[in-house]
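Per Swiss-Prot, the feature domain 'Glutamine amidotransferase type-1' maps to 9-207; the stated evidence is sequence analysis. The active site, nucleophile annotation in Swiss-Prot covers CYS86. Per Swiss-Prot, domain 'GMPS ATP-PPase' is recorded for 208-400. As annotated by Swiss-Prot, ATP binding site applies to SER235, GLY236, GLY237, VAL238, ASP239, SER240, SER241, with the evidence given as sequence analysis.
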Amino acid sequence: MTKNIHKHRILILDFGSQYTQLLARRVREIGVYCELWAWDVTEAQIREFNPSGIILSGSPESTIENGSPRAPDYVFTAGVPVLGVCYGMQTMAIQLGGKVESSNQREFGYAQVEIKADSALIRDIKDAINPAGEAVLDVWMSHGDKVAEIPADFVTVASTDTCPFAIMANEEKRFYGVQFHPEVTHTKQGLRLLERFVLGICGCEALWTSATIIEDAIVRLREQIGDDHVILGLSGGVDSSVTAMLLHRAIGKRLTCVFVDNGLLRLNEADQVLEMFGDKFGLNIVHVAAEDRFLSALTGVDEPEAKRKIIGRVFVELFDEEACKQEQVKWLAQGTIYPDVIESAASATGKAHVIKSHHNVGGLPKEMKLGLVEPLKELFKDEVRKIGLELGLPYDMLYRHPFPGPGLGVRVLGEVKKEYCDLLRRADAIFIEELHKADLYNKVSQAFTVFLPVRSVGVMGDGRKYDWVVSLRAVETVDFMTAHWAHLPYDFLGRVSNRIINEVNGISRVVYDISGKPPATIEWE
């Protein structure tokens, strides 16, 4: 019998911080299931979820503004431990009788927190001892307001020079507030502090591991699907690949994967997908060779959004055609992951807690009436990759750089033609190969080549050539919301340029994109 991996669970109430999903990922990393809901949940919803503990997130808002978000009152009467982080600490203080004020000295960045009193939250956790003999924590602050007065039944656990209440606690009720962000890596002992709260104070067991997630998913898939057949659109990307492997382990040959080769994939990618999933893992794959259909639909179209829509529409049409041939199929599987669920959820305040399906494949014929199977919908991307490794998928495939859904359709600028795609595929393969050789591939977050539909004069031997231009793009980023261009070595860039111009007949010039995000986007289209 499988363990109930959802037995202990943490509820994180989201007040809008950029770090909230990171907070949830840290709790999962500790080995405990958690969910992320908007701050405006009802008492009934919290009771139904039955959390072992509650965490109140940070927020870009100010607790002293009229109408700023507050935690439901039930949070403080539910009888479970509560941890307030930054804004979460401030709203806890206000709601329990304390005071918050705007600070003249805002704290953004590193700070040293001095421990003033013992607390279960940080006992034996420290980075150093200061000259006064106090334990010190190196933390990451990001706040303008600060708690000016803690609630009557709380004690001051830690402070900084400018923030008198950096940690507050009510040990009896197991309520804790920290003015810093324990979820970011800059707070050196942050994970230990969260671990102490989740495992020690809330009493959760670390049941949430890659192996137990797989075991649980297989049991649930078998219960949901029974003896029915399932269809899945397999792209070779991380989410659909892990979905395919999980379903294959659960129901074997009753899974049919439809792989649509749109002619917009990377060099040899179609062969690699078919070889890995068909030959190596023995999945049942329907290969749809559709390059002509996609390129024909894209003829004369040069506007990026129009190209995206056409590629999406043609994919859905092809998938529908194949799905209709599979008469025994009763279920459609999708690689929806937890951030998709969070994004597509909405509440009265425009924040997320109402869980709705996020459709990766839309527009299926109404007469098909397929049920939906989403085995990854509770998982973050890093968790999906880890269970992919556990299921036997290769590291290089799971951890390769992101590739856009429309593929080369948005990396060939302007109108998409077969000639352009073929040139781009070969140039991009050289760039990626050289990054691996130089041990630079995993040091950048994303790298790729873009085809520019302009010709440039070049010289080869005694002759002149008038051929196409490609741009290399490599960026470094944490969250893909902002990015810096990667400062790759000049000799490396020179080597890549020489190889592309010499080995790819039809390209006469290679340039390197040194634009950050913002103002530029990572992809060119």
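Residue 1 is the first one shown; counting continues down the chain.
Backbone N, Cα and C define each Cβ position, glycine as well.
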CB contacts for GLY237 (ATP binding site) [other CB atoms within 10 A, all chains]: 16
Rounded Cα separation (Å) that holds between SER241 (ATP binding site) and CYS86 (active site, nucleophile): 38
Neighbour count (Cβ, 10 Å) for SER240 (ATP binding site): 22
DSSP-derived class (H/G/I helix, E/B strand, else coil) of GLY237 (ATP binding site): coil
Per DSSP, three-state class assigned to the residue listed as 'active site, nucleophile': coil
For the domain 'Glutamine amidotransferase type-1' (9-207), mean pLDDT (0 to 100): 93
Cβ neighbours within the same chain of SER235 (ATP binding site) - under 8 Å, at least six residues apart: SER241, PHE259, VAL260
Distance from CYS86 (active site, nucleophile) back to GLY236 (ATP binding site), taken between C-alpha atoms, in Å: 40
Cα distance (Å, whole number) from SER240 (ATP binding site) to CYS86 (active site, nucleophile): 37
Recorded positions (CYS86, VAL238), the one with most neighbouring Cβ atoms at 10 Å: CYS86
C-beta crowding around SER241 (ATP binding site), within 10 angstroms: 24
Env. residues of ATP site, Cβ within 8 Å of mean position of SER235, GLY236, GLY237, VAL238, ASP239, SER240, SER241 Cβ: LEU234, VAL242, THR243, ALA244, GLY335
